[in-house]
């Protein structure tokens with residue numbers, strides 16, 4: 001199990017600034033996580049997700065590239 005920021009197919013974090021309050025928690029649950037929240041109103045952070053779920057990594061960041 002791991003935690004971290006959800007990323008999309010483009011390698012960018014899931015934004016949540018304009019999303020409903022439960023958006024991140026729902027997205028994390030869809031990926032078998034046990035919860036999550038919108039960190040600083042910018043990106044979804046999830047807890048206890050399976051290792052196969054892609055999460056943001058500064059060393060492997062490819063957002064916008």
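Note that Cβ sites are derived from N, Cα and C of the backbone, with glycine treated the same way.
According to Swiss-Prot, the features are:
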- 2-64: domain 'LCN-type CS-alpha/beta' (DOMAIN)
- 12-63: disulfide bond (DISULFID)
- 16-38: disulfide bond (DISULFID)
- 24-44: disulfide bond (DISULFID)
- 28-46: disulfide bond (DISULFID)
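When the disulfide-bonded residues 12, 16, 44, 63 are screened for a Cα within 10 A of the Cα of residue 28 (disulfide bond), the ones that qualify are 44. The disulfide-bonded residues recorded for this entry are 38, 44, 46, and the Cα of 44 lies nearest to that of residue 63 (disulfide bond). Per-residue confidence over the domain 'LCN-type CS-alpha/beta' (2-64) averages 94 (mean pLDDT, predicted model). For residue 12 (disulfide bond), the same-chain residues lying six or more positions away in sequence with a CB closer than 8 A to its CB are 63, 64. A gap of 8 Å separates the Cα atoms of residue 46 (disulfide bond) and residue 24 (disulfide bond).
The 10 Å shell around the Cβ of residue 28 (disulfide bond) contains 24 further Cβ atoms across the protein chains shown. Secondary structure of the domain 'LCN-type CS-alpha/beta' (2-64) per DSSP (helix as H, G, I; strand as E, B; remaining residues coil): 11 helix, 20 strand, 32 coil. The two recorded residues, residue 16 (disulfide bond) and residue 24 (disulfide bond), show a Cα separation of 7 Å. Of the recorded residues, residue 24 (disulfide bond) and residue 38 (disulfide bond) place their C-alpha atoms 6 Å from one another. In this structure the C-alpha atoms belonging to residue 44 (disulfide bond) and residue 38 (disulfide bond) are separated by 5 Å. All protein chains considered, the CB of residue 24 (disulfide bond) has 25 other CB atoms within 10 Å. The Cβ of residue 46 (disulfide bond) has 26 neighbouring Cβ atoms from other residues within 10 Å, across all protein chains displayed.
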